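Quick look at what Swiss-Prot annotates:
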- C46-C49: disulfide bond (DISULFID)
- C155-C169: disulfide bond (DISULFID)
- C163-C181: disulfide bond (DISULFID)
- C183-C192: disulfide bond (DISULFID)
- C278-C281: disulfide bond (DISULFID)
- C309-C321: disulfide bond (DISULFID)
- C314-C330: disulfide bond (DISULFID)
- C332-C343: disulfide bond (DISULFID)
- 153-193: domain 'EGF-like 1' (DOMAIN)
- 305-344: domain 'EGF-like 2' (DOMAIN)
- 208-255: repeat 'FU 1' (REPEAT)
- 46-49: motif 'CXXC' (MOTIF)
- 278-281: motif 'CXXC' (MOTIF)
- 30-362: topological domain 'Extracellular' (TOPO_DOM)
- 406-420: topological domain 'Extracellular' (TOPO_DOM)
Amino acid sequence: MAPRSSRGIAPAMLCGLSLFLGFPGLVWVQISVPPQSSPHTEPHPCHTCRGLVDSFNKGLERTIRDNFGGGNTAWEEEKLSKYKDSETRLVEVLEGVCSKSDFECHRLLELSEELVESWWFHKQQEAPDLFQWLCSDSLKLCCPSGTFGPSCLPCPGGAERPCGGYGHCEGEGTRGGSGHCDCQAGYGGEACGQCGLGYFEAERNASHLVCSACFGPCARCSGPEESHCLQCKKGWALHHLKCVDIDECGTERASCGADQFCVNTEGSYECRDCAKACLGCMGAGPGRCKKCSPGYQQVGSKCLDVDECETAVCPGENQQCENTEGSYRCICADGYKQMEGICVKDQIPESAGFFSEMTEDELVVLQQMFFGVIICALATLAAKGDLVFTAIFIGAVAAMTGYWLSERSDRVLEGFIKGR
């Protein structure tokens, strides 16, 4: 393969890179993508560049391992010295840098391939860290560790120890982000250098801070014990350095509905529904009612269900009363069913006969078929010379002939033939 010429950074390439990468002096242009039904967050270009460099370095290790591994050491050293910085090796590495489905990696590689070639053939010795040279210095997609934003400003707490080591600096290592510290649980402040709400300083020196949890209801404290509270969380009151639960149900802080009652809980309260028997209540059950609901009556200290069925409340004939909780309903007595608003006798249907669902005409046809079979049997016996059966046969034929010649027979036969 003929060696590729190192052409440097062509102006056309710079314009292409500016669309994706944002060189100094050029405007960062974000290519808009039509909104999709499920939003997809693309990785920051710095992360794509870091992934490309990591894959490139793995490719360097793979190509050395696959091509050399035992045999004549002198021969390998000679060949390795020629292969190590060759274009052949570079092509082998670049072919495996991006996975087939990683579109961002392929796009970045296409736009920066000449830069990678320039580093490979000319810059390796003076800039051995490809990530620093390509992603930070050349493409300006990334920032050094502990810095963020277009100008690579130090994160709160300093670049050496961003966020004091107790949080994450948003955008750290990239040309984006706000630099805001997202502190770990228990830590707070601009650079996570203070203990957060509900925590106290268990240990502190020039470079080290340990924040431990206060006793449960304490918002601020001087130590872990119950008596170390300096400020209480909502729902608690400070009393002699201890946080005591406030009974909101005994104050105007509780706000429950007319048909609810208040139950105090630690640091708060709950509103629960009154019993069905109550119109307003002071607690759970029918014995804590302020007033009884319709359908209930005061019996001693409780609101109990009124049995309306003790009086004649169902005037309908064949009706009977059924008491329900707080009310009643009228139902039909046994052996009756409701039909059009009244209770009627529930007639038990008789057992259906074998021919009960057949029409009259269908029965007539069935009769004709039956008599036809009888006549055939008689004809068979008459053919044997039996005079008695011969006489019966002649009479049956005469009777059937008269029927079939009748008007009714014509109508039945016509309906049977036509399927009516």
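Using N, Cα and C of the backbone, Cβ positions are placed for all residues, glycine too.
Within 10 Å of C309 (disulfide bond), judged by CA to CA distance, lies none of the disulfide-bonded residues C278, C281, C343. Counting only same-chain residues at least 6 apart in sequence, those with a Cβ under 8 Å from the Cβ of C330 (disulfide bond) are V313, C314, G316, Q319, Q320, C321, E322.
If you check the disulfide-bonded residues C46, C49, C192, C278, C332, C343 against C163 (disulfide bond), the ones with a Cα inside 10 Å of its Cα are C192. Neighbour counts of Cβ atoms within 10 Å were compared across the disulfide-bonded residues C163, C181, C321, C332; the minimum falls on C321. Annotated pair C181 (disulfide bond) and C169 (disulfide bond), C-alpha to C-alpha distance, rounded: 5 Å.
Tertiary proximity for the motif 'CXXC' (46-49) is limited to same-chain residues at least six positions away from its ends with a CB under 8 Å from its CB atoms, namely 104-105, 108, 131, 134-135, 139, 141-143, 173-176. Considering only the disulfide-bonded residues C46, C278, C281, C332, C183 (disulfide bond) has C46 as its nearest partner by CA-CA distance. Local packing around the Cβ, expressed as the count of other Cβ atoms within 10 angstroms, is greatest for C46 among the disulfide-bonded residues C46, C343.
Long-range contacts of the motif 'CXXC' (278-281) within its own chain (CB-CB distance under 8 A, at least 6 residues past either end) are made by residues 258-259, 261, 288-293, 303. The DSSP secondary structure for C46 (disulfide bond) is helix.
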